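Student: Structure in structure tokens, see below.
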Amino acid sequence: MISSIGTNFLSNSLCGFSGRLRQSHRRFSAPFVVVSAATSSNGRPEKRNVTVLAESTLKEMRDAAAPVIGESTVSGGVEDVYGEDSATEDQAMTPWSVSVASGYTLLRDPHFNKGMAFAEKERDALYLRGLLPPVVVSQDLQVKKLMHNIRQYQVPLQRYMAMMDLQERNERLFYKLLIDNVEELLPVVYTPTVGEACEKYGSILRRPQGLFISLKEKGKILEVLKNWPEKKIQVIVVTDGERILGLGDLGCQGMGIPVGKLSLYTALGGIRPSACLPVTIDVGTNNEKLLNDEFYIGLRQKRARGQEYAELLNEFMSAVKQKYGEKVLIQFEDFANHNAFDLLAKYGSTHLVFNDDIQGTASVVLAGIMAALKLVGGSLAEQKFLFLGAGEAGTGIAELIALEMSKQTDIPLEETRKNIWLVDSKGLIVRSRFETLQHFKKPWAHEHETVRNIVDAVKAIRPTVLIGSSGVGRTFTKDVVEAMASFNEKPVIFALSNPTSQSECTAEEAYKWSKGRAIYASGSPFDPVEYKGKVYVSGQANNAYIFPGLGLGLIISGAIRVHDDMLLAASEALAAEVTQENLDKGLIFPPLTNIRKISAHIAAKVAAKAYELGLATRLPQPKDLVAYAESCMYSPSYRSYR
């Protein structure tokens, strides 16, 4: 409880400080922690040297408020009418603008908690004495200890839960751990483990992360957005849970996907955590198992369709733009085909929107193909492509490949599409099926006789590149792979469906059945394979290569729309990161250990394209976009608060 002395001090002495700091727009990340005056045994307030604490804390805040690197290079230009800040700057904070808090509360604030890494002076200044063991532990030692602990878990879901617990307890340590061990922990915080986490989300949920917007909130979504504590949001990942990975309709429990994606935006793309907002739109579920599950956390009703669904999504999109402005990136994630394409088409011209399943997957696969051609030989236009799966991913990849072909050759898009064939659940998509096809499949209906299955399609089309995006496991059988290898010296095979159980074929199967000649990549990671004395390391066509860098590029340029040329730029930038050393090992994607540098280069190319297209609003353009992107990236290293 705040005493009258403490209240007077706050209202009189600190208002001047607060006002001056607010006017100067200083930025700092020190916790604004003050302790209320204690009460002595005689009932009178004891005198605590709060003035000294205020002065020392303010001094540290001023010292920490160094100018943001590159800020001067992008000053001026289009006025920031929404009051948005840069990509990864800490928000301006006014000390003592909230309730007086104790050091005990600080230890439970994930944004500022450092655990046993608080230095001796910090423990005194922030009233942490006695609340921590006496030993001061460095952040690096904390990382080492946590990795040791996480490796003790044999069950992937246990590792996932341990990581989520850490994120809720110590944010910077979570990201430091993830960045330093990205290849080992990426499959834990995202695919494939996140799929199991979503399936069991109702049982494992401990502290809700993000906003749950259901039909109950219809008519008041703007007010719901105001409940979120962070006011300056740069990236929103939103799902309605209808098509989670290859697992189907998981309803409200799909929240694990936006939470996981945004963790990667921060760890791999450097977007500050406070600028990220996970959202789940709950319109019900058609999953009977969940509807009958007593632990299910969502609406217990069948999915809303038609006008009711459209009105809720439209209200959400309008509210987001009203609350966070023109330049907030909205990423649609794991929507079913019938909604995904419509939403992207409807809001692509009015909002900064991106669908990772359609566009992100396409961009990373195109990059992998461009790198694979360095091993196969020939140009992109000389290849013939066959897809198993004609949904969001399949048609999205196909369209981006056709666009890149058209760009490289100046051949019309309608002609480059003829090099690309798709197979859906009814067989090869051909002209005779045109009238019954969904609109997004119609551009791929070419003249050909009816073909019912993938094996016959491979033999008929004779593709050089086979891509699986069906969401159905083990569909690239031995017959399929052997057929590919029969007329290709180096068959390119991408088995993209997630999670691992849904992969069209494993790395071992691809290498074994092709007699070690396949150039293979998958959606989920596989261990290296030994075949006839040689070790084959497969690539992972992971969207994490693309979307964090793309998002950073959009933000640092102040882009107001996403253009196809930005996706092509991202693909070209990623393909350029594949070295000859990588290719010699059979890798067509660079190691994830370098992902933050890769993201910075992708961001620079995307931002450059935004400026070239006239879609950037942060003016003038920085001279060195790579250096600027790197300077804007969030650092998980601890800050000094003393």
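Here the Cβ of each residue, glycine as well, is placed from N, Cα and C on the backbone.
Annotated active site, proton donor per TrEMBL: Tyr190, in sequence order. The active site, proton acceptor annotation in TrEMBL covers Lys261. Feature annotation from TrEMBL assigns (S)-malate binding site to Arg243, Asn498, Asn542. According to TrEMBL, the feature divalent metal cation binding site maps to Glu333, Asp334, Asp357. Look at TrEMBL and you will find 167-348 tagged as domain 'Malic enzyme N-terminal'. As annotated by TrEMBL, domain 'Malic enzyme NAD-binding' applies to 358-611.
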Student: Among Arg243, Lys261, the recorded positions in question, whose Cβ has the most other Cβ atoms within 10 Å in this structure?
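Tutor: Going through Arg243, Lys261 one by one, the largest Cβ count within 10 Å is at Lys261.
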Student: Pull out the recorded positions from the set Tyr190, Arg243, Lys261, Asn498, Asn542 whose C-alpha sits within 10 Å of the C-alpha of Glu333 (divalent metal cation binding site).
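Tutor: Among Tyr190, Arg243, Lys261, Asn498, Asn542, the ones whose Cα sits within 10 Å of that of Glu333 (divalent metal cation binding site) are Arg243, Lys261.
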Student: Rank the binding-site residues Asn498, Asn542 by the number of other Cβ atoms within 10 Å of each Cβ and report the first-ranked residue.
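Tutor: When each Cβ's neighbours within 10 Å are tallied, Asn542 tops the list.
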Student: Out of Arg243, Asp334, Asn542, which of these binding-site residues is nearest the residue listed as 'active site, proton donor' by C-alpha distance?
Tutor: Asn542
Student: Taking the binding-site residues one at a time (Glu333, Asp357), which has its Cβ surrounded by the most other Cβ atoms within 10 Å?
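Tutor: Counting every other Cβ within 10 Å of each candidate, the maximum falls on Glu333.
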Student: What average pLDDT does the predicted model assign to the domain 'Malic enzyme N-terminal' (167-348)?
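Tutor: Averaged over the domain 'Malic enzyme N-terminal' (167-348), per-residue pLDDT gives 95.
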Student: To the nearest whole angstrom, state the Cα distance for the pair Asn498 ((S)-malate binding site) and Lys261 (active site, proton acceptor).
Tutor: 15
Student: If we check Cα distances from Arg243 ((S)-malate binding site), which of the recorded positions Lys261, Asp334, Asp357 wins as closest?
Tutor: Asp334
Student: Pop the Cα-Cα gap between Asp334 (divalent metal cation binding site) and the residue listed as 'active site, proton acceptor' into the table, whole Å please.
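Tutor: Cα-Cα distance, the residue listed as 'active site, proton acceptor' to Asp334 (divalent metal cation binding site): 11 Å.
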Student: Cα-Cα separation of Asp334 (divalent metal cation binding site) and Asn542 ((S)-malate binding site), in Å?
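Tutor: If we compare the Cα positions of Asp334 (divalent metal cation binding site) and Asn542 ((S)-malate binding site), the gap is 15 Å.
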